[in-house]
Every structure is written in C-alpha cells, then in structure tokens.
Amino acid sequence: MTKRDTEYQPLLEGITETKQKIKCPNTSLLLAICAACIGGTFQYGYNISIINSPTKSVQNFINQTWLERYEENISEQYLTLLWSSIVSIFTIGGFIGATIGGTLAIRFGRKGTLMMNNAFALLAALLMGLSYPTGLFELLIIGRFFTGVNAGIGICVQPLYLGEIAPRALRGAMAMGTSIFITGGILTGQVIGLNELLGKEEYWPILLSTTCIPAFLQLLILPWFPESPRYLLIDRGDDVGCGTAMKQLHGTDNFDREREDMERERISAMGIKPKKPWELFMDRSLRWQVLTIIVINAAQQLNGINAIYFYTDYVFEEAGIPEVNIPYVTVGTGACECLTALTCGMLIESLGRKVLIIGGYTLMAFWCICFTLTLTFQGAGPWIPYLSMGCVFAFILSFGMGPGGVTNILITELFTQTTRPAAYMIGGSVNWLSFFFIGMAFPFIVTKLQQYCFLVFLVVCVLVAVYIFLVVPETKNKTFLEIQTEFQSGEKRKASKADHSPRTTMLSTPL
C-alpha cells in the first residue's frame, strides 16, 4: 500500500460506513415489520376510530333491545352510561393488556405473543357480531374489552419486536412502523365508517366485526418471518436460530456488526434475569430512564391531541362546511396524520429523535396559543374559522412529526434486553391510564375552561420539551449499551459535582 493510499484510507472507510448507513433495508425486513404491525398497532388505531361511526345506530339497538325486554324505553342517563361503558371499557382492556404484554413477550417470545394475541381480536369480533342477532348488547361491552386487551398487548409487544429486528442504522425508521400503522388504522377506520361503505345503520354489526380481518392477515403472514434475533440469542441462548433469523432479515452479508452488538449485550446480561416492572423502580441506575418513559407516555395522551379532535367538528361547522361533508373532512385529518408519520420515518435517521420530539412539542405549544386565540375571536371575521382549521391541521402535523412518532422508539432505545419488556409494561400502563383519565376528565375541563383548555395543554407541551432537552440524550445510531452508559455517566457527573460542592456538607439527610 502506498503512502497516498494510507492517507486516504480513513476517508475511504468513512465513505464505506456512510454507504452502509444509508443502504435500503432488506425486503424481508420490511415485510416482517408490516406483518407485525397489521395485527399490532394497526388494531389499536382501527378500534379507536371505527367506534365513532355507529354511535347512533348502536344506541338505537340498545334502546330497541331494552324496550323488547322490559316493555319501556331506556332512560337517557342509563343509555349514556351503557354507551360510555362500551367506549371506555376499551381503555380498561388496554391497560390489562399492557400489564401482561411484557411478561408474555418474555415467556413466549415477541413473535409468539403477537400470534397468540390475535385470539383476543377474533373472540371480540365474534362477540360483537353476535350482539345484534342475539339481542344482547352486553356482548358489545365484552367484545370491546377484548379489543382493548388485544390493543394493549399489541402496542406493548409489537414495538419491542420492531426495535429488536431492525439494524442499528435503520432502527428509528423501521420502528416508525408503529406510528405509521396506528395512523393508518385510524384512517382506515374513518374510511370504512363512511356511509358509502359500512357506515349505514344496518351494517354496524359487520363494521365492528371487521377487527377480525387484520387478525387473520397476521396469522397468515407473520409465521413466514422469524422470531426476534436478539430475543433468540440473549434470552434463549439460541446461536443457530439467531444466525438464521438475521440472515433472513438483514441479508447474507449485512449483519456482522449487529451480531457483534448483540454479543456484547449478551455478555453484559449474562446471569441476569429479565426484570419485573417494580424492580425497575427500585434500580437507582435506571431512575432517569424510568422517569422519562413515564413522562413521555403520559404526555402523549395529555398534550392536547384529543382536545383537537374534540373541537374538529365545531371548527369545520364554523368554517361553513355542510354537516354531511364533515366526515369526509375528518378523513382528511386522519390522512394528514398518516402522511406526517411517513415523513417522520424518512427524517428520523437524519435529524435524530431529540430534535424531532422537542420540535414537535414546541410547535404544538405554539399552535395551542394560536388555536386559543382563533376560538376566542371566532366571530370577529369570516376568515377566522379558516385560521382555526389551519391550526387543527398544523397541530396534528406537529404531533405526528414529534411525540406521535418518536415516543415508542425511545422506550426501545433507553433500555437493554433484560429491562426492555418491563419498561414497555410501565410505559404502556401509563399511556392507557392517561388515555382513560383524559377521556373522563376532558369533558369537565372543556365545560369549565372552554377554549382556554388549550392553555393547560400548552403548559404540558412546554414542560415536556424542557424535560427532554435537559435529561434525554440523542440515541440516533447508538447501541443500547452505549445509550445506557451515557445515562450512567450523566449520573456519575452529577454525583461528582455534588461531592465536590462546598454546600453538600450542610445536608443532614440523603436526597
């Protein structure tokens, strides 16, 4: 090798590494992600969405059934209670699913748990489909509960699977499948619920039973793809199975670097059993990671996105859109969020997680101010309602580009193999509890504060953005061990500063 070759060797290596980073994912990897998502987070978005369309039809069915049973009309209060139970029981099922999802993922594997989870979706579809011919509206409540369990397990285990099968350089983009399929599920539910498809009154039992279709698709497709290689190697000690899975997912010559990362993590986890959620709370070395997933999961529900959707119909009516056309405009909001998730997937590996999520929350805070002003002065001019419409779409875009897309990826990246399932159980439980809380509290917040409720969400967005800026490191293109080490080194620096501070002698009790 000549002297000039030696001089240019580092440059050539850098170019080679850059090419590897931007190399397109293997087709098998993309198909595996689609197979996991179609019966995972797609179900979550789909079942949130389709329940809105048949509201009046289901209430008429309940009233008719009540009249046939008791020969009197049901009271308005009890009808509201039953309908609220049908809607909100979904969150209770989701919470239960999230609390058991991590345990199932350890016991049966990521892929195995996703396959088993389809039983809840199929059972739910059967029960809700039979509710009308049997005249038992109680089956709707039970069916919605099982759809919640299915969604809770799916939103816990599927991001876990995606984060573990993706190569490091593409981990963020591949993990965006979670938010892409959530928004895709919401959009699909909005479209299927239109009157031209299954939105007519006589079709509501079929509409609610369509949750079986994604389940059947996953049962047909996912068996063709392997279990998580990281799970096989670290949790099961299956070297051969890991190699076979990586060969299928990454290609024959494209997984040596990933295998080395797994080997290092296996050595660090040797002799350590997967931790339970309560053990994460007791581990002081993980306190900032645990606090972070609690903050970002609670904020994902409490940041105002639900309030925006609540005000959507009102804003569109004030803008002069006919009531019969509002469902079609609402489909536009779903399409907007879905396209934003796709855009975030293309940007996340270049801009990084931290920039996107902080930028998203910052923009959402700005749009909270704008939306409060436009709602306050809604009658000041004929053009104000159109500004409100712009704020709706801008807020949804900001959410999709930031917290909507990045939150689940951070849970994967902030923890290692032995702690990740428990972290998803904690994050999922907080998310579902926050979902339930905002569903119960939001009507009262709107009643008391009206349009000024967005000032509450403004505070939430600002506080979360500041927290992430100060606490959470950038995780782009880093191994899980490197991210863990960065958190621990930050802890040591803080402890060192405290030890050398002259004021520490004044403290009589430990912090």
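Along the chain as shown, the residues are counted starting at 1.
In case you wondered, yes, glycine gets a Cβ from its N, Cα and C as well.
Per TrEMBL, compositional bias 'Basic and acidic residues' is recorded for 492-502.
Taken from TrEMBL, the feature domain 'Major facilitator superfamily (MFS) profile' covers 33-476.
What TrEMBL lists as region 'Disordered' is 492-511.
Cβ atoms under 8 Å from those of the transmembrane segment (29-46) belong to residues 94, 111, 114, 117-118, 121, 147, 150-151, 154-155, 157-159, 161-162, 165-166, 174, 177-189, 211, 214-215, 217-219, 221-222, 224-226, 249-250 of the same chain, restricted to positions at least 6 beyond its ends. The transmembrane segment annotation in TrEMBL covers 29-46 (among others).
Residues or ranges marked as transmembrane segment by TrEMBL: 81-106 (among others). When Cβ-Cβ distances below 8 Å are used as the criterion, the transmembrane segment (81-106) is approached by residues 44, 47-48, 51, 55, 58-59, 62, 74, 113, 116, 120, 137, 140-141, 144-157, 160, 235, 274, 277, 421-425, 428-429, 431-433, 435-436, 439-440 of the same chain, each at least six residues removed from its ends.
Summarising the annotation, TrEMBL assigns transmembrane segment to 118-135 (among others). Sequence-distant neighbours of the transmembrane segment (118-135) (same chain, 6+ residues past either end, Cβ-Cβ under 8 Å): 39, 43, 61, 65, 68, 97, 142-147, 149-150, 153, 204-206, 208-212, 214-216, 218-219.
As annotated by TrEMBL, transmembrane segment applies to 141-161 (among others). Long-range neighbours of the transmembrane segment (141-161) within the same chain, counting only residues 6 or more positions beyond its ends whose Cβ lies under 8 Å from a Cβ of the stretch, are 36-37, 39-41, 43-44, 47, 51, 82, 85-87, 89-102, 104-105, 110-111, 113-114, 117-118, 120-121, 123-128, 131, 175, 178, 208, 211, 215, 228, 408-409, 411-412, 420-421, 424-425, 428, 431-432.
TrEMBL lists 173-192 (among others) with the feature transmembrane segment.
If you look up TrEMBL, you'll see 204-225 (among others) marked as transmembrane segment.
Distant neighbours of the transmembrane segment (290-311): 280-281, 333, 357, 361, 364, 368, 371, 375, 392, 395-396, 399, 403-404, 407, 410-411, 414, 423, 426-428, 430-431, 434-435, 437-439, 442, 446, 453-454, 457-458, 460-461, 464, 467-468, 471-472; these residues of the same chain sit at least 6 beyond its ends, with a Cβ under 8 Å from one of its Cβ atoms. Taken from TrEMBL, the feature transmembrane segment applies to 290-311 (among others).
The transmembrane segment annotation in TrEMBL covers 326-348 (among others). Non-local neighbours of the transmembrane segment (326-348) in the same chain are 49, 53, 172-173, 176-177, 179-180, 182-184, 186-187, 190-191, 193-195, 199, 309, 312-313, 316-317, 356, 392-393, 396-397, 399-402, 404-406, 409, 476; each lies 6+ residues outside the stretch with a CB under 8 Å from one of its CB atoms.
According to TrEMBL, the feature transmembrane segment maps to 355-377 (among others). Tertiary neighbourhood of the transmembrane segment (355-377): same-chain residues 296, 299, 303-304, 308, 311, 315, 344, 347-348, 384-385, 387-388, 391-392, 394-395, 398-407, 410, 450-452, 454-455, 457-458, 461-462, 464-465, 468-469, selected by CB-CB distance under 8 Å and a gap of 6+ residues from either end.
Marked as transmembrane segment by TrEMBL: 383-411 (among others). Outside the transmembrane segment (383-411), and at least 6 residues removed from its termini, the chain residues within Cβ reach (under 8 Å) are 155, 159, 163, 171-172, 175-176, 178-179, 182-183, 292-293, 296-297, 299-300, 303-305, 308, 311-312, 315-316, 318-320, 333, 336-338, 340-341, 343-345, 347-348, 353, 356-361, 363-364, 367-368, 370-371, 374-375, 377, 420, 423-424, 427, 464, 472, 475.
For the transmembrane segment (423-446), same-chain residues at least 6 beyond its ends with a Cβ under 8 Å from one of its own Cβ atoms are 87-88, 91-92, 94-95, 97-103, 105, 152, 155-157, 159-160, 277, 280, 289-290, 293-294, 296-298, 300-302, 306-307, 310, 411, 414-415, 453, 456. Residues annotated as transmembrane segment in TrEMBL: 423-446 (among others).
Residues or ranges marked as transmembrane segment in TrEMBL: 452-472 (among others). Under 8 Å from some Cβ of the transmembrane segment (452-472) lie the Cβ atoms of residues 288, 291-292, 295-296, 299, 302-304, 307, 354, 357-358, 361-362, 364-365, 368-369, 371-372, 375, 403, 410, 414, 442, 445-446, all in the same chain and six or more residues away from its ends.
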